[in-house]
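Asker: Per Swiss-Prot, domain 'THUMP' is recorded for 58-162. As annotated by Swiss-Prot, ATP binding site applies to LEU178, LEU179, TYR203, PHE204, ARG260, GLY282, GLN291, with the evidence given as similarity to another entry.
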Amino acid sequence: MKDVLLIKYGELALKGENRSFFENTLVKNIKYALRDFDGVKVEKTHGRIYVECEKDVEEAIERLKKVFGIVGITRAKEADLDLEEIFKAAVDLMKSHQGKTFKVETKRPNKAFPYNSMEVSRRVGAAVLKNVKNMKVDVHNPDVLLNVEIREKAFLYAGVIEGAGGLPLGTNGKATVLLSGGIDSPVAAWMMMKRGVEVEAVYFHSPPYTSDRAKEKVVDLCKVLSQYGRGMRLHVVHFTDLQLEIYEKCPARLTTIIMRRMMMKIAEKIAQQNGSLALITGESLGQVASQTIESLYVTNSSVSLPVFRPLIGMDKREIIDIAQKIGTYEISIRPYEDCCTIFVPKHPATKPKLEKVLEAEEKMDYQKFIDNFEEEVIEI
C-alpha cells in the first residue's frame, strides 16, 4: 500500500482520436509543474494519471491546482488487488474521519477482479465499521464518500480537491496578448490559457511618461500567469515616439482609437514572428470609449489576425472576481500609469468612422515606427 495523487480530468475524456495527445500534453505539464520536486513519478494508465510524491505533498497539490486540464486532485491509497489489502487501505484512509457517516462507492473497470462493485462496497464498508471508531453508514447523505476504483491496482480516496479545469496548455496553439498592466488583460490571458492556448505577451512602454515601476508591474503579472503554464515571454515595446506622433498630428478625439490600432499592428507583427495565430485583448463591450462596438470594428480592421476577446460580455465585477481568484488583482491595482492612461482626450470618439480614422492616419508616417520599433524581450 502506498500514497498517490490521483489526477482527474474532464473534457479530455471526450476527445476521441486526439485523446492521447491531450493526455500526453497534460502529463508533460504536470511534470513541468513538479520539475523541482525530488522523487516524483507521473504515470498515465487507462484513463487515469497518478502522481507519486515522496515529500512536500501539500506544495505539490498547490502546484497541480494551477495546471489546466486537471478538474480534480485526490489523495489516494494504492493497494494490490487483494481484498485484505483493500480493507487495510480503507481503514487507514478513514481513520481521519472517525465519528462521521460514510458511504462506499465502487467502480470496477477491471472485470477480471472476482468481486462485483456491490460486493466490494459491502465488504469494504463492513471493514471500516469494524475497525474505525464511531462510524455509521448513510447511503443517502453521507459526511464522507469513500471511493474505490478497481483497475490494474485498487485506488481508494475520499474527497476531491478542485483543479483549474479547462484544457492542457499547448493543445490549442499560440496567441499573443496585449498586456496593459490593468485588471482586464491578465484575466483575458488566463482565460485563453485555460482553453489550452499558449500565450506570449506584449506591453507598450512610454518612458518618461510611464515609469519603470509600471513595467515591473507587468513583469509581476506575467510571473503570476506563468504559474499556470510553462513560463512566459514578454515583449516590451518602446512606444513613446509613435504615441507622440499620434497626439501631435491626429485629431484629439481620434487619438485613442488610432493608438489602439497602432498597438494592434505592432502586436500582430510580433505575433507573426513568434508563431501566434491570434491576438488577445482584455476588452469588454461598452466599458470605455475604445470598447464600443463601433470602436472595436475600427480596431479590428487594423489587423488580419483574428482577435479573441474572452471578456467581451462580462461586467467589471465578474472580471475583478476572476482577477482576485487567480492572483493578479492586487498587482493590477498598483497606482502606476500605463501608456493607455496618458494623453487621454477629454472627449474621445465613441462611434468612430473607419474612413475618418484612415484619413487621420495618413497625416503621419506610422509605418516607419511599426517597421523599426524598439523591443526588449523578457523571459519569465
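Placed from the backbone N, Cα and C atoms, the Cβ positions cover glycine too.
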Asker: Let me check the 10 A CB neighbour count of ARG260 (ATP binding site). How many other CB atoms are there?
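Answerer: Step by step: centre on the Cβ of ARG260 (ATP binding site), count other Cβ atoms within 10 Å, giving 21.
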Asker: Quick one: give me the count of other CB atoms within 10 A of the CB of PHE204 (ATP binding site).
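Answerer: The answer is 27 other Cβ atoms.
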Asker: In Å, how long is the longest CA to CA span across LEU178, LEU179, TYR203, PHE204, ARG260, GLY282, GLN291, which the record gives as the ATP binders?
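Answerer: The two farthest binding residues have Cα atoms 19 Å apart.
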Asker: For GLN291 (ATP binding site), what is the secondary structure state per DSSP, taken as helix, strand or coil?
Answerer: helix
Asker: Please compute the mean pLDDT of the model over the domain 'THUMP' (58-162).
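Answerer: Residues in the domain 'THUMP' (58-162) carry a mean pLDDT of 96 in this prediction.
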Asker: What is the number of other Cβ atoms found within 10 Å of the Cβ of LEU178 (ATP binding site)?
Answerer: 26
Asker: Using DSSP and collapsing to three states, where does TYR203 (ATP binding site) fall: helix, strand or coil?
Answerer: strand
Asker: By DSSP assignment, list the helix, strand and coil residue numbers for the domain 'THUMP' (58-162), in that order.
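Answerer: When I sort the residues of the domain 'THUMP' (58-162) into the three classes, I find 37 helix, 31 strand, 37 coil.
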Asker: Which of the three DSSP-derived classes (helix, strand, coil) applies to LEU178 (ATP binding site)?
Answerer: strand
